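Visitor: Encoded as structure tokens, here's the structure I'll be asking about.
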């Protein structure tokens, strides 16, 4: 059984909106509904768990009607806490693999879901990633230090893992920017799957405007 964990518990404070960004509506759908739709259509996914804050349960319940949705789980104050809540909920389902995705990355393709899961079956863990094409610098005390671009990737989601591996990685708590970090500390090789620029994370208002433009054509994008 392959289960997608859709993280939608963030507060979206950098967006400066009245509601968390995952619940902002673009082209008739809330942001979280775009990746959710991809998971529901994907033949590689058997079930979906949506993690959100308690005060948004009713909103999510009204928007979600599908047999693949296994449940809505209350998220924590941090990303890692939300992942652990989902893993605990999933114990009764005994999934083989779980796929973790940020709902603030609305434009998820089915081919990426399938490929990340395929690579995770080979190594135990895989993540979507994108080669960096920009100049990178580190700034300290007003001094700029250039970082070589070769071998530098942006880590994206979705990320897929053996359920048992991810559960073990989180069993001692800890706070992580994403889930590949604690998994790698177990000695598990992380497979990288090439993503594309459409996998961007909606963080600022400018990102939301770009998302609106893409959303108008999303159903036509293969």
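Using the three backbone atoms N, Cα and C, a Cβ is placed for every residue, glycine included.
Features from Swiss-Prot:
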{"type": "SITE", "residues": "14", "note": "site 'Transition state stabilizer'"}
{"type": "SITE", "residues": "21", "note": "site 'Transition state stabilizer'"}
{"type": "SITE", "residues": "149", "note": "site 'Positions MEP for the nucleophilic attack'"}
{"type": "SITE", "residues": "201", "note": "site 'Positions MEP for the nucleophilic attack'"}
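I'd like these features described in context: how deep, what's nearby, how far apart.
Guide: DSSP classifies residue 21 (site 'Transition state stabilizer') as helix under the three-state reduction.
Residues near residue 149 (site 'Positions MEP for the nucleophilic attack') in space but far in sequence (CB under 8 A, at least 6 apart, same chain), listed by position: 132, 133, 134, 135, 136.
Sequence-distant neighbours of residue 201 (site 'Positions MEP for the nucleophilic attack') (same chain, 6+ residues apart, CB-CB distance under 8 A): 102, 104, 105, 156, 207.
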Visitor: Specify the count of other C-beta atoms within 10 Å of the C-beta of residue 21 (site 'Transition state stabilizer').
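Guide: Residue 21 (site 'Transition state stabilizer') is surrounded by 28 other Cβ atoms within 10 Å.
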